[in-house]
There are 4 protein chains.
Amino acid sequence: MKILLSNDDGHFAPGLSALFDHLSKIAEVTTVAPDRNRSGASNSLTLDKPIRVNETERGFYSVTGTPTDCVHLGTHHLMPERPDMVVAGINTGANLGDDTLYSGTVAAAMEGRALGYPAVAVSLVGHDCEHYVTAAKVAVDIIKGLQQHPMDKNRVLNINVPDVPYEKLKGIKLTRLGNRHRADTIILDKDPKGRPIYWLGPLPEGQDVGEGTDFHAVLNGYVSVTPINVDLTAYNSFDELEDFLKTIDN
Amino acid sequence: MKILLSNDDGHFAPGLSALFDHLSKIAEVTTVAPDRNRSGASNSLTLDKPIRVNETERGFYSVTGTPTDCVHLGTHHLMPERPDMVVAGINTGANLGDDTLYSGTVAAAMEGRALGYPAVAVSLVGHDCEHYVTAAKVAVDIIKGLQQHPMDKNRVLNINVPDVPYEKLKGIKLTRLGNRHRADTIILDKDPKGRPIYWLGPLPEGQDVGEGTDFHAVLNGYVSVTPINVDLTAYNSFDELEDFLKTIDN
Amino acid sequence: MKILLSNDDGHFAPGLSALFDHLSKIAEVTTVAPDRNRSGASNSLTLDKPIRVNETERGFYSVTGTPTDCVHLGTHHLMPERPDMVVAGINTGANLGDDTLYSGTVAAAMEGRALGYPAVAVSLVGHDCEHYVTAAKVAVDIIKGLQQHPMDKNRVLNINVPDVPYEKLKGIKLTRLGNRHRADTIILDKDPKGRPIYWLGPLPEGQDVGEGTDFHAVLNGYVSVTPINVDLTAYNSFDELEDFLKTIDN
Amino acid sequence: MKILLSNDDGHFAPGLSALFDHLSKIAEVTTVAPDRNRSGASNSLTLDKPIRVNETERGFYSVTGTPTDCVHLGTHHLMPERPDMVVAGINTGANLGDDTLYSGTVAAAMEGRALGYPAVAVSLVGHDCEHYVTAAKVAVDIIKGLQQHPMDKNRVLNINVPDVPYEKLKGIKLTRLGNRHRADTIILDKDPKGRPIYWLGPLPEGQDVGEGTDFHAVLNGYVSVTPINVDLTAYNSFDELEDFLKTIDN
């Protein structure tokens, strides 16, 4: 099996190394990751300037671009052959609920899927992440399973793993995305010259975190697995919209 | 009605001005846009540095951040009161099919919706865009309609308008997202010192462009309106995944 | 007379507009300025990515690069003919003493001189700069003088003007650069996620500010004019070094 | 002896490692370098955003800032005690003549001097640099000498070493800065979407390269040592300017 591995925390992130080490036992792994922390990069592309690639001491490709750039560049130019799967992570910190809209880790998996490859995103949920090995083992379990049972072409799996020893995991739960409180998280501050600046602050707590959500699973010690759409079309609002458009199309 | 207006092409873009002018006839408009072209920004956030805000000669807020930053900052800090709707555009060029994954214009609308407001994204489809007025008028038509008929809380409308005079439009079509060929669009080049660089190249042509898709509507002279999910959960693959997870959870 | 005008505060800076207005009375002025505030850019060049140019509503060229890039690009590509002089400013705030090492305004003038053109840098010294007109008039006085009496080819003039009405100026003084206290101005802070960050803080007060220095002149109500070397060779330490090198060259 | 070591090519540059290895034999070395290639950074400062610091596998500090930021941060915050000397390099490629205006390597040395420490900048002159060891040995020779014979407080030494084996060096020459042809080096190109972009091209050949210049020394197989002023005041044009200012000060 050939795997393209990427992340959004950068090529030096501990989660990337841990996942590389475990995946290398079951696959040929090519690692292509941003040269800087690109958390919050979502599916962004580098369009206004060219991208440069360097090799690190570990043999990873370090890219002056986004996670999406990395996957695109990796599959088409840096791998000797096309991958069988695209894996992103291990992210340091949760990618739960609406985090998935902003996450570069989830975006890397989405890009893999959009390019035609099965793809998973793996995140470790904790404040001071320690148990990368747990998340790496879970990732290996699921990836092995996907080799046997390929998934629908329009999905990626978003995997969140509690930051506990592997043997302390309660199991795996299939979940839907919950969501966080949409409170204002912006912090108004001043720079050292007294000019106003705004910081995007820490994420608010979860709001929709009831049973069935990814938040709920992880809080209760389970690995959360959520299937994520790569096609954003909201098919189930077609009827409603059909009626609506009649009222304005004249 | 109070509208927050943003885009991803930057505060100086002709599509933003055109849309501002037309929306101002029906609403109080606060415009908050990136200080640079942020096409391809997707839902990215500025997390590693603070954001600064300036006012332009037109009275727009110019923000050193992404479209998503703009919407977040605009609704919470720059508007005197919360908006009734968030509008993004007019984008210079199509946001069709999988473009929506990367588009900062669509992302601005998604952020509006995630923050609790009805939201639409408007793009003008053409090579040398001219008829911004057409797209502006269509946007006004649809926004007026949405005031009467509010939409489901998890959707934004992605509107693509052919670059023709308003009276030449064939009508409006409800569409699903098609998609483009996933050919390799990366261009390997050298910088002036002879070092290798990679450019993300122009978008490939559409692949899945049959009847019912947004590509098909626009190619045939119709305005395309696609409902976009803000919740990425792939509910319709739950059965398949339920079975799959049983095979690996031991 | 043809003048290339640039600055480091960006194309939208009030000092740039004021200087443009006054210079336009005596010359054809082409304005080429950074698209963002590039204070502290020194003589830096944009080497890792290409530069883009836009035109603003005022007819200025806005450049995604440094002040040095602007002067290089302006003289060679954006002006219809080569300039007779390069002018930088009006900077909002002092460029006194060792500020000149870091100043993008002074650098723009140095680049003009390095490319073969007479060049001056103009700064307005005050906390809440108001009297840009004063600095603009002083600049015009000196530029007119330079047309009559051209300067040595390896010098630029660094002009600092007190922020007072023109008629309140005490006169002009020829000065040497003083310098500031070299205290640690770095501020250790935390970002909203609690991670350590460092800010370069406000400039320390002047240390070597005695009579004869630029600090002294401005503090006493005079315009300060300091000739700045474009050739950095320290000729007057040749004797000392000749002896030194004999001790190690074996 | 305690040395602060920096460069402008980035923490991963081979010249930095080579110099670190050799300096470590004669001093305690703290290495603080940019996280990206910052060639052409000159004396620029990071003022619009905060700076972050990481440690690399080699124990170097990697800084999201310029060479000048690195020296400022290193001497004041990252070193346990203040350094006895600041060393910058080994730069991959020449810093001859007017290169010194733009060089981040020279700027790092200037910042060291401005903060009160003896300082040298070291560059290896060649197209495909190989003999970093040669430059490292020369640097050690000169640094040892400077310990015995401290230099004037307003100077740094700019050292350029031919890319040959150490025993092939012809000797050391005290030189003045020559300069390059000021030809237009800008390359007008198009990005993949057909929009115009400008690249700063490779440096032109030397123009003023006669005997006595740094160009001449290196071309003839000698190490070039040029004393560089940190005080930019052009004292020897005071007489000329005194007369000039009388003509305009009324």
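The count begins at 1 with the first shown residue.
Each Cβ is built from the backbone N, Cα and C atoms, and glycine gets one as well.
Record check: TrEMBL places A:D8, A:D9, A:N91 at the divalent metal cation site, and the matching candidate among A:S39, A:S42, A:S44, A:S224 is A:S39. Each of the binding-site residues A:S39, A:N91 was ranked by the number of other C-beta atoms within 10 Å, and first place falls to A:N91. Sorted by the number of other CB atoms within 10 A, the binding-site residues A:D8, A:D9 start with A:D9, the lowest. The Cβ centroid of A:D8, A:D9, A:S39, A:N91 marks the divalent metal cation site; residues of that chain outside this set whose Cβ lies within 8 Å of it are A:N7, A:G10, A:A13, A:G15, A:N37, A:R38, A:P67, A:T92, A:G93, A:S103, A:G104, A:T105, given in sequence order. Using a cut-off of under 8 A between C-beta atoms, the binding-site residues A:D8, A:D9, A:S39, A:N91 that neighbour chain B are A:S39.
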